Amino acid sequence: MSSSYADGLSPYENKGVLGLEERYDSVETLRLKCGLLAEWIQGARHVVVHTGAGISTAAGIPDFRGTNGVWTLEQKGLKPSMNISFDEAIPTKTHMALKKLIEAKRVKFIISQNIDGLHLRSGIQRQYLAELHGNMFTEQCDKCGRQFIRNFATKSVGKKSLDTVCRSEQIGGRPCRGRMHDTILDWEHNLPDSDLTLSDLHSSVADLSICLGTTLQIIPSGNLPLYTKKYGGRLVICNLQPTKHDKKADLIINGNVDEVMVAVMKKLGLEIPEYESGMDPTRNSDTTAKEMDWTIPTSRVKEMNVLYKKVCKPMRRKRKTFMYERERTDTNKETKARKQAFTVKQEIKTEDNITTSGEMCKTGNDRVADDSVKIEENAEDVESCRYSMEDATEHNTDLKMNQTV
């Protein structure tokens, strides 16, 4: 049960955005979007599906950040009412549809954040599946690193030691006898190397990534679909709540994942198989020791590395060339812009100088005019003084003549 799994994790504050409002497309819109998705699957060469807790809610396992999710209710001090055990849950229509798509070679790889083991129990082979956060029905040897399927869900969380020993044989036929531990990651654990490497490579090579039932908030898992966009592929998101990468998606489907997968499979002309316990390695007592080995084949990692170099390396060179050309163009544009800016500044400076010179000339002329006025005023004063002196001289002469008489 997901609530007991959540209780087993270490305390952690940053659990992402919780309880976002759910959105539903209309019946007609949903039909059109499912038809478009089916067309894209038919036309794609390498389809990768990213799955989250939303695809298991129909099995009775609550998600974490939904309106009734474990962490959403925990924030309110509540517990989920829907909480079936991992042993009792069975794969949903979405799980079985993905198994069929793998068998029909429509989907190349599935990258899951789920720990419920329902992909394993649907009958999907290990080489087509990455379990980034672990699996309740698997255990791993701390000595040789091999993984094995259990016939019941582990009760421990955080890669804790179990009361079992490794069943694998070393070179020479000697048993490994290493101690086994659960594969469920806690917050501080790194993602398993082989699973993460295959996820990186498949996401990069894919020309279509489909995200089902995940808000893509946990990293690095949530950022893997962006590798597809980086190399020119399409991104489809099917979720009831808004996700972290909605703005980057080519198609967003707001609908129940089971309904979406039923419609898509119908468009593709594929029938969704029913779950059979006989195909479930955790329930089949006739499963051989080899079939119980859940270790990722190293050959798959090598094959994907070769494919990555073939598909993505040329695209990386093209992107580098494009970026160089764009930088050179941008540099030329910047140089031209700087020259234009310099010319404009020079023109403004020249205009300022002309304006300043004009103002200086005007000021000089005003000063000359003022000086002329002053000179004229002084000349008038001098003339007045001259007339006054002449009048005084005549007056003195008249006085002398009168005295003589």
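Using N, Cα and C of the backbone, Cβ positions are placed for all residues, glycine too.
Database features (TrEMBL):
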type	residues	note
DOMAIN	27-271	domain 'Deacetylase sirtuin-type'
ACT_SITE	HIS133	active site, proton acceptor
BINDING	CYS141, CYS144, CYS166, CYS176	Zn(2+) binding site
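Features per TrEMBL, on structure.
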residue : record                       : Cβ within 10 Å
HIS133  : active site, proton acceptor : 19
CYS141  : Zn(2+) binding site          : 21
CYS144  : Zn(2+) binding site          : 14
CYS166  : Zn(2+) binding site          : 21
CYS176  : Zn(2+) binding site          : 16
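Secondary structure at CYS166 (Zn(2+) binding site), taken from DSSP and collapsed to helix, strand or coil, is coil.
According to its DSSP assignment, CYS141 (Zn(2+) binding site) is in a strand. Rounded to a whole value, the Cα-Cα separation of CYS166 (Zn(2+) binding site) and HIS133 (active site, proton acceptor) is 21 Å. Taken residue by residue with DSSP, the residue listed as 'active site, proton acceptor' is part of neither helix nor strand, so it is coil.
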